[in-house]
Amino acid sequence: MGDRPKSQGSLTLPELHINLLRRIIGSARVASDSLIYSYHRSFNGFAARLTQAEHLKLSAYEGVVSVFPNKIVKLHTTRSWDFIGYPKNASTSTRRQQSNMIIGMLDTGIWPESQSFDASGYGPPPKKWKGRCQSSSNFTCNNKIIGARYYNAEGDYGPDDIPSPRDSEGHGSHTASTAAGNFVTSANLYGIANGTARGGVPAARIAIYKICWSFGCSNADILKAFDDACADGVDIISLSVGGGPMDYFRDPIAIGAFHCMKKGILTSNSAGNDGPAPGSVANGSPWSLTVAANTIDRKLTTNVKLGNGKTYNGSALNTFQPKKPTYPLIYGGDAPNKTAGYDGNVSKYCYSDSLDKNLVQGKIVYCVAASQGDGALAAGAVGAIMGNNEQGDVAFSFSLPISLLNETDGNDVVKYSNSTSGPTAVISKTVDYLDGSPAYAVYFSSRGPNTITPDILKPDLTGPGVNILAAWSKATTVTGDPGDKRVVPYNIISGTSMSCPHVSGAAAYVKSFHRTWSPAAIKSALMTTAQPLSAKYNPEAELAYGTGQIDPIKAADPGLVYDATEKDYIRFLCGQGYSTKQLQLVTRDPSACSAATNGTAWDLNYPTFALSATRSGASVTRVFHRTVTNVGSANATYKAMVKAPANLKVRVNPSVLSFKTIGEKKPFALTVSTVVKNYTISGILIWSDGKHMVRSPIAAFMSFSE
């Protein structure tokens, strides 16, 4: 129902919500029982149980922006800070500034006993804090975790769910420690990736909003968490959750982030793990920061040694030390569970129940494709080698020793097994090493274009999201799978869920220096100072990695920023076809959409430039109007530099911007012409004063509808 009304008479918003439901349903008692949440602290709305007829009746009611079903969305699931050039001493030098920062984590909760969240040396919470701690017999807050709430609209708890802010899955503890965990020396996973674990702002405070359970994350719970977090006094919201692309006013994350933006709070979102499919990027609203995942230079390798002496490098994460020099090896296709009706064409994949336990028990089984390993485990295998794995940049954990090989090496294992009497093999414990390789967007990271608004380039940037070591919950195991007995304080996992809190921490770091900067200014600083990645590894170019990998140190001093306010986003939404009625409810402002206020996506003051067309060969010309604000030196002159291929024509007017004061704004126009192809055509605009390099990608590409 948009923003909180400026006047609501003698009734509270929850009372008004029940009254509205009574008019829709026809019964005061049923209306009260149907109300699940009243959103009233930061914006105006509610969640309620309704029939389809009541839903339609409510949708047409005066004062309603949108009504949509409560769907379940999913989680997007050490060395990483060093890899991006953010040294330990950069964090400690600003501890006092950081201790006033509060990051709101919307996730699976937190494990408060972790060293990463120890409160030793912390003073009381910042005076701006208005939140609370839902304490219980098994959970208390401290001066590091200053607030914690949990939400479960349906009261649906699985056997492993804990009805408190305590984390029973590990994901929330991992993301919270990545964003703002303390320095913890000798953190590792069974000796793997040993080093100092830390968050981006180790001295910052953490506020926990537990929205995710064993069944997923409910839209109703997400909106209630936004409603509370934005009123509690957080500085940054970090949310590693999402579904598919959705209309902005039917997307609870976009709605919550919009209302928080109005209060000066930036929301950092994961882009999703549905890559490399084009158009798979989630959380694409222009007022949110959409974070893709990139690799780091730490690699994890799990070697397989065959009885013939040959060794192959695999890519899984194996914490198990072999107890014998070798084990018998069997090909899954030679061990079908015939009693259950399977033959070798099925058992070679090692599906659950497809293997004959009498043939497999005590052996290493070779499977022709990667799986969760549950089939091998159930059959009593001591390990599994899996072939046809071409994605060696990510190492996943399993409940038994496993190594994933590429197709060629896997075929060698099968040949050896078939040609040898009594074949043997051994799977080594994983070792980690630094290979110096450059960062690139990992295969699973969701790609653009942004299917809701193609001419807003998404994702915005990347953060480390592969093989990340961070805090874990002791209420679960390394994998969370049945049969896994490994309970650990730190774990290694991958996903845009891991890259998002890196950027959330970087955003809090920037805000600790610039408390008055808007969410758009912080976002611009991070984007225009990001390290460019190479299309050599990502042919989708900016549609894979946006502006590149975050550089927090440079982002604290970006030189110029592309700022935007609520009014800029409203003009953008007018141009996207939203009605005056809808936007007046959202803003509680009488201004209306008109020809004068309708803004195109190209004129939103965004730090990137996107041109799209629905077919290859289309000739496109766009004029982008932008305004930059000087946040560097008082007297500064910036000159435009353009780097673009011959088939991307770019003109900047004016090409020189002179500033006399900090905070001064200067407009410019960028005209871009090209013939769109079925690949990304990339260029770049850089504004430089000799010290700062304010970098904005220009990307032309084909768009499509879902």
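Positions of Cβ are set from backbone N, Cα and C atoms, glycine also.
The active site, charge relay system annotation in TrEMBL covers ASP107, HIS171, SER497. Annotation comment: TrEMBL describes 163-172 as compositional bias 'Basic and acidic residues'. As annotated by TrEMBL, domain 'Inhibitor I9' applies to 15-76. Sequence annotations record features per position, and here TrEMBL assigns domain 'Peptidase S8/S53' to 99-546. Taken from TrEMBL, the feature domain 'PA' applies to 326-429. If you look up TrEMBL, you'll see 603-699 marked as domain 'Subtilisin-like protease fibronectin type-III'. Residues or ranges marked as region 'Disordered' in TrEMBL: 157-177.
Cα of HIS171 (active site, charge relay system) to Cα of SER497 (active site, charge relay system): a distance of 8 Å.
On a Cα basis, SER497 (active site, charge relay system) lies 10 Å away from ASP107 (active site, charge relay system). A mean pLDDT of 93 is what the model gives for the domain 'PA' (326-429). Counted with DSSP, the domain 'Inhibitor I9' (15-76) comes out as 26 helix, 13 strand, 23 coil.
Its own atom aside, the Cβ of ASP107 (active site, charge relay system) has 29 Cβ atoms within 10 angstroms in the protein chains shown. Within the group of active-site residues (HIS171, SER497), the Cβ with the highest number of other Cβ atoms inside 10 Å belongs to SER497.
Across the domain 'Subtilisin-like protease fibronectin type-III' (603-699), DSSP helix (H, G, I), strand (E, B) and coil residues number 1 helix, 61 strand, 35 coil. In the domain 'PA' (326-429), helix, strand and coil residues by DSSP number 32 helix, 23 strand, 49 coil.
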